[in-house]
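Asker: Structure incoming, see below.
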Amino acid sequence: MEDLRRRFPTKKNGEEISNVAVDPPLRKASDALPLPLYLTNTFFLSLFFATVYFLLSRWREKIRNSTPLHVVDLSEICALIGFVASFIYLLGFCGIDLIFRSSSDDDVWVNDGMIPCNQSLDCREVLPIKPNSVDPPRESELDSVEDEEIVKLVIDGTIPSYSLETKLGDCKRAAAIRREAVQRITGKSLTGLPLEGFDYNSILGQCCEMPVGYVQIPVGIAGPLLLDGVEYSVPMATTEGCLVASTNRGFKAIHLSGGAFSVLVKDAMTRAPVVRFPSARRAALVMFYLQDPSNFERLSLIFNKSSRFARLQSITCTIAGRNLYPRFACSTGDAMGMNMVSKGVQNVLDFVKSEFPDMDVIGISGNYCSDKKASAVNWIEGRGKHVVCEAFIKAEIVEKVLKTSVEALVELNTLKNLVGSAMAGSLGGFNAHSSNIVSAVFIATGQDPAQNVESSHCMTMILPDGDDLHISVSMPCIEVGTVGGGTQLASQAACLNLLGVKGSNNEKPGSNAQQLARIVAGSVLAGELSLMSAIAAGQLVKSHMKYNRSSRDIGPSSQVNR
């Protein structure tokens, strides 16, 4: 039997061995083709892209004309045949080439019998190739470095402050090092800003970047709030004296009068991108297309793919020249929903772009939403949860608990909250201090404090009801959620749990966030009732002088500077 070995180069005195069998050239995939490679490649590539373009164009025309896709003519049949043929060629050619290249090295063998006896093989040792080894995962590159050295590296800019969590793998250690670096760079002390007692892993990548500690805000409990027959103890995070006490007095007056009642009018988060067209006529055409009821089902299916909770409710548009502002409104389950609605809007924009290629998307938000800004569109159309809350306060409760009269409250509300706000040109500010209560509950329950701007839009109405008093608050823009954002932090989650609305409601998605909005409105109702009573009775200044003043010196002389 012939001894077969891998062929090695054989030389004698630096010259080629002439009588060694010469290997045939390596086979290529193109050897099987009757035509030159560049011709066949050019032909089939051109055929492939031409047929794809033709078929996609025809498919789009059929969708526009509501023609069934399975109805084809002769040109489409030819295009399909060309597409299949070119696809098989490209796939088969690449496959053959891959097989040939992977097997070419293993196929090059020589027969030692072809070499004359007076010649010897070059049997120099060939070292085997070691397989690539994957290094085991190493510990953090800075684990063995002292904190003092890392602080110096951060100060001189060698290590970016924002990368400490990634490089160290320890969020608390990163916060401590960053804190020390900030103190040395600024020359100011952070004494008083606590570092210990907080889970920094819980905010990584979702709540706060480059932390150096956390701010302590006291949380008070007001209540019980009797709302729709259920009692709630309401957490309020605030540094304003009298706020919790005043709201608590309002809760007492409402409870003694039979409680408050709420109505959820609407639940729809909004997002309004801005898109541009070559002309105003073209922009108007797309506006009519988006607002056409016959197109809503298709657009809603595309929008709702973004989430199992997102449900498109309406699309309203406004136009400014050749710029179009479509305002999408959708329900978002128990999430506040800004990310959810933005993803759905992006899906619709991609689809509309395919229908109207001349559309230019300027921005996913065009401020017609309108987020974190006082705006007429929010005040009129609403954003988030639209809640109305009311209570009937007995005349004797007004006198004994609130220390005023029905007539005084009615007159004050008209002249202050209605006429006074109108004279000031207020937008959504026809109330005494709804933002106080909204902010306090928002911070305690992990909501976005910046959305207090529109969430505090409120119309407070106080009217006589016989001898008694009817008070109501209408709040069209309460933007809250019980999942996502700051709601997952331990302190905020505990406050949500106290209210019975922690997390999502699997049985009835969205009901937890809706209930939280009702509680916010009920708390605002109590706060409005108590403050208006204090003003009517002339107690506001006296109470604030007693409970909302601080004599503690926080000037530079009392601080310890580093």
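Note that the numbers count up from 1, one per residue, in the order the chain is shown.
Note: Cβ is positioned from N, Cα and C throughout, glycine not excepted.
Annotations for this protein, taken from Swiss-Prot, read as follows:
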| type | residues | note |
| --- | --- | --- |
| ACT_SITE | Glu240 | active site, charge relay system |
| ACT_SITE | Lys372 | active site, charge relay system |
| ACT_SITE | Asp448 | active site, charge relay system |
| ACT_SITE | His544 | active site, proton donor |
| CARBOHYD | Asn118 | N-linked glycosylation site |
| CARBOHYD | Asn304 | N-linked glycosylation site |
| CARBOHYD | Asn548 | N-linked glycosylation site |
| MOD_RES | Ser550 | phosphoserine |
| REGION | 101-146 | region 'Linker' |
| REGION | 147-562 | region 'Catalytic' |
| TRANSMEM | 32-56 | transmembrane segment |
| TRANSMEM | 77-100 | transmembrane segment |
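In the displayed structure, how are the listed features positioned relative to their neighbours?
Answerer: Secondary structure from DSSP puts Glu240 (active site, charge relay system) in coil.
Within 10 Å of the C-beta of Lys372 (active site, charge relay system) we count 17 further C-beta atoms, all protein chains included.
Applying an 8 A CB threshold to same-chain residues 6+ apart, the list for Asp448 (active site, charge relay system) reads Met336, Phe442, Glu479, Gly485, Gly486.
Within 10 Å of the C-beta of Asn304 (N-linked glycosylation site) we count 16 further C-beta atoms, all protein chains included. For the recorded site, Asn304 (N-linked glycosylation site), the DSSP three-state label reads helix.
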Asker: Suppose we draw a 10 Å sphere around the Cβ of Glu240 (active site, charge relay system). How many other Cβ atoms does it contain, all chains included?
Answerer: 15
Asker: Could you say whether, by DSSP, Lys372 (active site, charge relay system) belongs to a helix, a strand or a coil region?
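Answerer: Lys372 (active site, charge relay system) sits in coil per DSSP, no helix or strand.
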Asker: Taking only the Cα atoms, work out how far Asn304 (N-linked glycosylation site) lies from Glu240 (active site, charge relay system), in Å, as a whole number.
Answerer: 43
Asker: In Å, rounded, how far does the Cα of Glu240 (active site, charge relay system) sit from the Cα of Lys372 (active site, charge relay system)?
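Answerer: Rounded to a whole number, the Cα-Cα distance is 23 Å.
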Asker: What three-state class does DSSP give Asp448 (active site, charge relay system)?
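Answerer: Reduced to three states, the DSSP call for Asp448 (active site, charge relay system) is coil.
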